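Worksheet: the structure to be examined is printed underneath.
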Amino acid sequence: MYEIVEKNKLAPEIFHFEVKAPEIAAKAQAGHFLILRAVEKAERIPLTIADYDREQGTIDIVVQEVGYSSQQICDFEEGEAFLDVVAPLGNPIETEDYDRVICVAGGLGAAPLYPKVKSLVDHGAEVTTILGAQRAEKLIWEDRFADLSEDLYIATDDGSRGTEGFVTNVLEELLSEDNDYDAVIAIGPMIMMQAVSDLTAEYDLKTIVSLNTLMVDGTGMCGGCRVTVGEETKFACVDGPAFDGHEVDFEEQRRRKKFYEEHEEEIEEHHVGGEGCRVQAK
Amino acid sequence: MSKQSRTEMEELDPRVRVNNFAEVAQGYTPEQAVKEAKRCLQCADPKCMEGCPVQIDIPDFIELIAEEKFDAAAEKIKEKNNLPAICGRVCPQEDQCELKCVLESTGEPIAIGRLERFAANYGEDEVTKPVQDKGKVAVVGAGPAGLTAAADLAKMGYKVTVFESFHEAGGVLKYGIPEFRLPKEVVQEEIDQIKKLGVEIQLNKVVGKIKSVDELMEQEGYQAVFVGTGAGLPKFLGLEGENLNGVYSANEFLTRVNLMKAYKFPEYKTPVYVGNKVAVIGGGNVAMDAARTALRLGAEESMIVYRRSREQMPAREEEIEHAEEEGIQFQLLRNPTKILGNEDGFVTGLECIKMELGEPDDSGRRRPIAIEGSEFEMDADMVIMAIGQNPNPILLDDSPEIETTDWGTIKTDEVGQTTKEGVFAGGDIVTGAATVIEAMGAGKDAAEAIDEYIQSKDDN
Ligand SMILES: Cc1cc2nc3c(=O)[nH]c(=O)nc-3n(C[C@H](O)[C@H](O)[C@H](O)COP(=O)(O)OP(=O)(O)OC[C@H]3O[C@@H](n4cnc5c(N)ncnc54)[C@H](O)[C@@H]3O)c2cc1C
Ligand SMILES: Cc1cc2nc3c(=O)[nH]c(=O)nc-3n(C[C@H](O)[C@H](O)[C@H](O)COP(=O)(O)OP(=O)(O)OC[C@H]3O[C@@H](n4cnc5c(N)ncnc54)[C@H](O)[C@@H]3O)c2cc1C
Ligand code: SF4
Ligand code: SF4
Ligand code: FES
Ligand SMILES: [Mg+2]
């Protein structure tokens, strides 16, 4: 069992958990993810290791409620424990060879982006960060990024904070002034990563995206996380989850993520007046 | 000499069973078991034993059943086999012990597997934990190979820890072979027996990620490591349309259904997609399991698409028959060339080419050859790839000293010693996808070799 030592609400529908897992904390690196099964009947849900503390033996996850399973995770409280956590999975991201990098996050993407920025800065890179969200209250960890970044830009869809509009607007402005960067790292909704990659392709600027495909095992065993990267089929769990954004077939990924839409509706129906059920499920 | 024919075993009516996941083969009643056991000739030189990779004392346990000493029969089997309820169900007996039985030539060999399954219901539940002071051994992978090695080493007096990447032990027995052939409760009971021997199973531990083989040996003090990580890597054909929604590897489909219990969705939260017209590509046990599972989940039609003919299908005859009884269709001498889809990215059909049989190839089977220009399309809204699995490299990526073959399997000598000192391997990771009992046999041999290795080091 993996005990929750701290829980915070970061934004509407977004929660941060610090979880006791000393063995995982000892091995975690920026770019790794975990798979969590909250209770016996739950799905195996992939989540990025957003931070870790080797001394305390804890790992951090940030979870956004998007469907039944992520809500079920977010219903857990301090002192309770998740049934299964397997990690570290995936490949750590290379952060050693960069001097200047732009890091872009959309919404919840800020959480998985954070360990990468931290690692880049640890290795001496100068990081410019662009955080985007629908509206001001949905921004997460702005303070953490402010501490680490050379420059921090904010964009919200409704203009309630920072520039009004998308992160790509800010990025375009930055690049048109100065494109002397080694790379862009973009994490967020598929559509946002695609837009960033399309933009940076014009500048011939290396772009790394982190894919949140559907997954089951996370160890290369099922192929459910298939993604076409530069004409080749890759498994996001063992070959990624980070890939060259200019090579990823985003259209295919967007279609694949709709695979279980009808099932999601069925779960919601099954749990109408669902609170009771959810508590029972624990 | 006994002229009686094999005692039949009850099976669920195909019309009933296609609607549920209940076990198809019902097992012998005590009367049936005794009747079958009495047919055994108690050969002085029992050939049947040569066919059993774990060397069960077959005539002795059968005699005990004939004498209605069921508990003793169970104990006799367990001297050699820690997973009798499993082997009695899924061993390809017709190619192993029963093939070697002297009565085989009459077409009525003793039903050794059914008797073994029957006896497994009996015997002492309480196992005494052996004294474990001979040293520490790590086992990677809780499939039949790893579990067998662990149980044998524990009995020899070693403290054994098994590391398993999934949240449940059992390997293919849990995630691959369906409930209707091998109830998961049966598997778990046998695993619990192994735990009672003092074997510790650590779940959610991917060796090669959370720790390396070197760390296990150098930092955690394991004197030897057994690698039984199986052949878990799904193969795809590289066809156009293979990433469409509705195309699964058999591994994914079966894992969702068996391990994650998607057949009980939405009570269990893992979804599985099931089409109305399902095409399963392949002709082995895995293909039969996938096709039969799809039918039980509500597919209107479920078919096997196989590039050779029926005689050459690698699946067990019994499984092919079960599939036929349930109404699985067989599209033989057909090979898929393309998967067709719609704008939303879902499968709508399959393009296949017709095949004919040519000269025998290396495997001795006649080689399938495509008939030029014979491509045709067929409707399908789900495609399952059951064309084999490759060895799982996740541990090996982290341990370059363990050499592999061109096929990615681990190189070992006859007893399972790898190219790295103190590291042994067995099961599908060494042979490529094979059988439960061969994996167990390899686990057994390796356990002995590990004992010898550790003892010889201690002597120095
Ligand atoms: C490597 C990796 C890292 C991730 N890191 C995080 C993270 O740090 N925080 C976080 O909140 N989420 C993260 N995700 C996404 C998270 O796994 C999904 O949001 C979650 O599985 C949705 O499950 P659900 O049942 O709540 O939603 P559903 O009702 O099943 O689906 C809601 C929506 O999410 C999509 N979805 C469903 N399952 C997944 C999935 N496994 N991955 C991605 N999208 C999915 C569906 O297509 C749908 O659009 C990550 C995914 C991957 C693969
Ligand atoms: C659908 C299906 C049906 C089958 N039907 C039959 C049948 O009827 N009869 C028969 O005899 N055989 C059958 N087989 C074959 C048989 O199941 C296998 O040959 C056998 O399970 C191999 O055993 P194993 O212990 O080598 O590997 P597996 O059973 O594959 O177990 C390997 C275990 O290692 C774990 N693992 C992998 N990598 C790591 C790592 N790095 N760290 C920790 N753990 C790891 C895996 O999660 C898994 O639990 C079938 C196979 C399939 C897929
Ligand atoms: S373990 Fe398998 S091969 Fe051995 S006797 Fe039993 S059924 Fe036959
Ligand atoms: S070979 Fe057949 S008849 Fe002879 S002992 Fe074995 S099972 Fe009995
Ligand atoms: S999640 Fe199963 S292969 Fe990647
Ligand atoms: Mg879900």
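Including glycine, each Cβ sits where the backbone N, Cα and C put it.
DSSP classifies A:VAL62 (FAD binding site) as strand under the three-state reduction. Positions annotated as FAD binding site by TrEMBL: A:VAL62, A:VAL63, A:GLN64.
The [2Fe-2S] cluster binding site annotation in TrEMBL covers A:CYS222, A:CYS225, A:CYS237. Of all the Cβ atoms in the protein chains shown, 25 others lie within 10 Å of the Cβ of A:CYS225 ([2Fe-2S] cluster binding site).
Per TrEMBL, the feature domain 'FAD-binding FR-type' maps to A:1-95.
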Inter-residue Cα distance where the pair is A:CYS237 ([2Fe-2S] cluster binding site) and A:VAL63 (FAD binding site), in Å: 19
Of the binding-site residues listed as A:CYS222, A:CYS225, A:CYS237, the one whose CA lies nearest the CA of A:VAL62 (FAD binding site): A:CYS237
In sequence order, those binding-site residues of A:VAL63, A:CYS222, A:CYS225, A:CYS237 whose CB lies under 6 Å from ligand 5: A:CYS222, A:CYS225, A:CYS237
Candidates near ligand 1 among the binding-site residues A:VAL63, A:GLN64, A:CYS222, A:CYS225, A:CYS237, judged by a Cβ under 6 angstroms: A:VAL63, A:GLN64
Average pLDDT across the domain 'FAD-binding FR-type' (A:1-95), rounded to a whole number: 96
A:CYS237 ([2Fe-2S] cluster binding site) in three-state DSSP notation: helix
A:CYS222 ([2Fe-2S] cluster binding site) to A:GLN64 (FAD binding site) - Cα separation in whole Å: 25
